[in-house]
Amino acid sequence: MSAQAISENGAKSEFWQGVRLSMPVVVAAAPFGLLFGAIAVDNGFSVLEAFLMSAMVFGGASQMVGIELFGQHVAPWLIVLSIFAVNFRHVLYSAGIGRRIAHWPLMQQAVGYFILTDPQFAVAERKAEAGETVGFAWYMGLGLPVYVFWVIESALGAVFGKLIPDTHALGIDFLLPIYFLGLVMSFRKRPLWLPVVVASAAASIIAYKTVGSPWHVSIGAVAGVLLVVILPPHHSGVEARP
Amino acid sequence: MSTTLWIIIAGAIATYLTRIGGHLVISRFENIHPRVEAGLNAVPAAVLTTLVAPAALGAGPAEWAALIVAGLVSLRGGLMAMFLAGAAVLVLARQFVG
């Protein structure tokens, strides 16, 4: 077997390994994709527009907020600003993941940043933490199913929105917090994990009650990160390098 | 083009800027200060916590039960086991406490 064939096989199995990890995300996000499509049409979007928004923005919470404001006839610039505010946490993801994918060709990086969602970042960070290389094939295996299903579900929700049954009894409105808790727990071996979680939880709850959503996410996140930055480096396990 | 389409395009650009912006800023520095690196390492726990904490606070017994079980399972099992256990408890508990 030639070296190229071997590396192609490697990329293929890496891709499918990523696909396997994407499955809980696909399941947890599915109801929200359908729900987004249904709400979008309810608020005056066409099926095509709902589809386009999911394909181009690819950010569940921000799409929900955008569509809600659109339905209330809020000024367009304010809708865009709100989408930006909800998605602002990605700035931190972007800064963090850049260290893991800097070895990719530029075009691959550009694609990689486009599908940088909450689970995408967290699962890739877990892989990097385990000392493994975050490869493009693996990363796309993780992200592509989530993207494709999200876009299809949005369109389905837009077409068949009225048919969605009682979402509360099925528990689907609370699936994402459960999944995110699992991701939080999976980082518990990191230095200062508990202080970070406590600081971010407290700050986000206070901000949620005072400043309001969506700013509680950015404020809570910055509180946890700042705590680690302020504490002396020997606490955080990062040594000063010569 | 319709206003709706413009909102979608501008929203998409704004979102992509957040997804690439942090990297563009950080990559301008040749050496990352250890404290900044430590801060970046704290990003996953810090951001993801904010997606759970307010939702958990505003929830009820069924959701709390689901989070507790999911949290316990995550100490031993993988992500999928944790997720399925939490979801199962949530659906069951909601049949009783609504």
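Numbering starts at 1 and runs along the chain as it is shown here.
Just so it is clear, glycine is given a Cβ too, placed from its N, Cα and C backbone atoms.
What TrEMBL says about a protein is an automatic prediction, not a curated fact.
Summarising the annotation, TrEMBL assigns transmembrane segment to A:21-41 (among others).
The transmembrane segment annotation in TrEMBL covers A:73-92 (among others). The list of residues near the transmembrane segment (A:73-92) in space but at least 6 beyond its ends in sequence, with Cβ under 8 angstroms from a Cβ of it, reads 57, 59, 61-63, 65-66, 116, 118, 214-215, 217-218, 221, 225.
What TrEMBL lists as transmembrane segment is A:136-161 (among others).
The transmembrane segment feature in TrEMBL is assigned to A:167-185 (among others). Remote same-chain partners of the transmembrane segment (A:167-185), defined as residues 6 or more beyond its termini with a Cβ less than 8 Å from a stretch Cβ, comprise 24-25, 27-29, 31-32, 35, 118-119, 122-123, 197.
Taken from TrEMBL, the feature transmembrane segment covers A:192-208 (among others).
Counting only same-chain residues 6+ beyond the ends of the transmembrane segment (A:214-231), those with a CB under 8 A from a CB of the stretch are 61-62, 65, 82, 85-86, 88-89, 92, 191-192, 195-197, 199-205, 207-208. Taken from TrEMBL, the feature transmembrane segment applies to A:214-231 (among others).
Residues 184, 215-217, 219-225, 227-228, 231, 235-236 of the same chain lie 6+ residues outside the transmembrane segment (A:192-208) yet bring a C-beta within less than 8 angstroms of a C-beta in it.
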